[in-house]
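Asks: Take a look at this one; I'll ask things after.
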């Protein structure tokens, strides 16, 4: 299985930021020009981008549209986008705007039929975002924890054309404490849908650990460690290959 790296651009108030454990008031601004950041990642050799509208995740509707459109104009790389996408109309609008894949998180738990219907109609374009704390699904921008296991939610989307699952351990996100390999591997073994690891990646050894897990893990999101310089792009790309 190909292992793809997705540098993350998290958008808050039009800027590229990183959060600690999903807390909006714990945001560090890394670039006030997200399009510039997208160009930089492309120049480093990354072939895909992972973009999150953080304001949108909390508002339940797209907020940073201008910043997203700037990213799309700045790079030829396929962009997957999440954050506040809760309706079929929003899905269609983003795909028409040039987004490669939309990530559906909260709505995957609240209205799984909407997600399944969209995935069947738009094969390869729908990604399910499963954010978990201690193995349980969290929703509404991580403000709430549900009583559903992450593996249970993942299995609900088998066979309907979902392109991938982005699995985030929110207890580790932004902390650089190391990716949760057992959690990601358990999910990857539980379903045939490609699973992408997210949350806590601290260095190139985490990429190697995901690849060496024996689970069919399809890739990893790279966040704070890439911005802080703890991950060198060329080394990460080599490890992923």
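Cβ atoms here come from the backbone N, Cα and C positions, even for glycine.
Computed from a predicted structure; not experimentally measured.
So Swiss-Prot lists the following for this protein:
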type     : residues : note
ACT_SITE : 10       : active site, proton acceptor
ACT_SITE : 131      : active site, proton donor
Asks: For residue 10 (active site, proton acceptor), which residues in the same chain are close in space, meaning a Cβ under 8 Å from its Cβ, but six or more apart along the sequence?
Replies: 16, 17, 18, 19, 51, 52, 54, 223
Asks: Quick check: in three-state DSSP terms, what is residue 10 (active site, proton acceptor)?
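Replies: In the DSSP reduction, residue 10 (active site, proton acceptor) maps to strand.
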Asks: Using all protein chains in view, find how many other C-beta atoms are within 10 Å of the C-beta of the residue listed as 'active site, proton donor'.
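Replies: Step by step: centre on the Cβ of the residue listed as 'active site, proton donor', count other Cβ atoms within 10 Å, giving 28.
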Asks: Please state whether DSSP places residue 131 (active site, proton donor) in a helix, a strand or coil.
Replies: strand
